[in-house]
Amino acid sequence: MSRMNPWVKGAFILSVAGIITKILSAGYRVPFQNMVGDRGFYIYQQVYPFYGLIVAFMMFGFPMAISKLYAEGTRKKEDFISIFLGLCVIGLSGFLILYYGSPLLANWIKDQELAPLFQTLAYLFLLFPFISMQRGLFQGKGNMVPTALSLIGEQLVRVATILIGALLLTKAHRDLYEVGNAAVFGSITGGIMALFILAIYSPWKNWIRWAGLRIDWSFMKSFIGLGIIFSLNTLLFIFLQLADSLQLYQLLLAGGESPFRSKELKGIYDRGQPLIQLGVVLATSFSLALVPGLAKLQSEKKHNEIKKYIQLSVKVSVVVGMAATVGYALIMEPLNEMLFQTAEGTDVLTVLSASVVLGSISITGFAIMQGLGIHRPLIWLSISVFLGKVILNFLFIPLFGTLGAAISTVSILILLTVGIIRLLSVKGYKLKASSAFIKKIGTALAGMAATVLISLIIMQSADWFSDSYRANSAFQAIISSIAGAAVYLWLLMQLEVFSKEELHAFPKGKGFFKLFTLRK
């Protein structure tokens, strides 16, 4: 047991760091949008999915693949030198392709002014091999602290660069594309900070030798495949954003909207991204806490225990995800005004709120299958998500505009969720929702919804802040959400939605048990 403690502690540290970075990554976009407006937000969000693709591999995929190979203890030092050199080739190739291909990419998106932003982003590829390699080696040794600190440091510097740059440049009345370029530059400053923190912990000279350098491409092929598999969880929402980045603006143009209005509409649509991200982080931070135990249970061939863990993981994602989805839908108008200054696009954001519960179930399902060693179907599911989103965008955006993009996102996530549930069933892990659970969760959601609606009606009947509609909206959104969350939690406890056994399955399960047994 003592041998496992450092690894358990390390995994916990890395999970906390991941949650912090995701919250930072979602949170900064609200003040950024407030400074640059919807058109400025559109500019940044057009480039963001490409940043997300790079980070998915640099932050998660390849470091996890390296750590797995290192922890196995069967690889020679030469293998890791080969990996590093292979990553250098990938990084340099990525830089050259994106830097010199930026005009073509910007032209394809129908916004040539985005080319300099893609060129700035290309420099992140040059940091790619160094950050991935060092994070992977530290994780492979069971030392998660350098990786965790580098993740947090990277995001703090990146967010600071974005917000300070936006503040200074907007005050100087600079072009919004210059502001967007400064925001993209934040990814470079953040990457440099991550590399600096990692370098403090491990000088390269301690492990690398430059004699007889070569790349084993056969080995690299399997390594890259492993990196892709470990990146899939992170890539799910990036693929959806990428499809919108490539299609939405130009389809709005084709539908007769002016360039200025199309950019504005895309920026309004992108308001949903930080809201969805925060909701999914909240839901999956609980459900994914159960997943690491699956690999151990599988090695011990405890099939019934695995079924219980899978059932509970999905149950948690449904309970938390449904609350976030229903809550968002009910308070979206005041929330939209509170965060983004206007209520425009509330209907679109309300539809997108369904992505929280669907995305939470999907991400949890992906993590479960990764834990069980089910890899190949995940690759096909991910490809299908991107292609399906592209096809549905072509069908719905010409008909409904940005609402069509929201409908296509929710539709493809419904299909993905059904596919994951079906795949788990085929593998022998059938998910069941008892009528008792459905009644309990339905009752809790109804109680929460009634509380939120009553709170909104009461607060809307009085003009609490007559000089500021935004202050009124903030008051309504905050008070109603707190009241709704309190009632929902209370009903979950009263209805015993989670059994004693289920509560004890969580990390720090005794604390959860004490909380959920505070009944009359």
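Note: Cβ is positioned from N, Cα and C throughout, glycine not excepted.
Whatever TrEMBL says is automated annotation, not expert-curated.
Remember, predicted model here, so these are calculated numbers, not experimental data.
TrEMBL annotations:
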- 49-71: transmembrane segment (TRANSMEM)
- 83-102: transmembrane segment (TRANSMEM)
- 114-133: transmembrane segment (TRANSMEM)
- 145-170: transmembrane segment (TRANSMEM)
- 182-202: transmembrane segment (TRANSMEM)
- 223-243: transmembrane segment (TRANSMEM)
- 275-297: transmembrane segment (TRANSMEM)
- 309-331: transmembrane segment (TRANSMEM)
- 351-369: transmembrane segment (TRANSMEM)
- 403-424: transmembrane segment (TRANSMEM)
- 444-462: transmembrane segment (TRANSMEM)
- 474-493: transmembrane segment (TRANSMEM)
*Counting only pairs at least 6 apart in sequence, do the transmembrane segment (182-202) and the transmembrane segment (145-170) share 3+ Cβ pairs under 8 Å?*
yes
_Considering only Cβ pairs within less than 8 angstroms, which of the stretches 49-71, 309-331, 351-369, 403-424, 444-462 has the most against the transmembrane segment (114-133)?_
49-71
*Report, as numbers and ranges, which residues of the same chain sit near the transmembrane segment (309-331): CB under 8 Å and 6 or more residues beyond its ends.*
275, 279-280, 282-284, 286-288, 290-291, 293-294, 297, 349-350, 353-354, 356-361, 363-365, 367-368, 424, 429, 431-432, 437, 441, 444-445, 448-449, 452-453, 456, 476-477, 480-481, 484-485, 488, 492, 497-498, 502, 505
*For the transmembrane segment (145-170), distant same-chain residues with Cβ under 8 A (at least six beyond the ends)*: 10, 13-14, 16-18, 20-21, 24-25, 27-28, 31-32, 35-36, 40, 59, 63, 131, 134-135, 138-139, 178-179, 182-183, 185-187, 189-198, 200-202
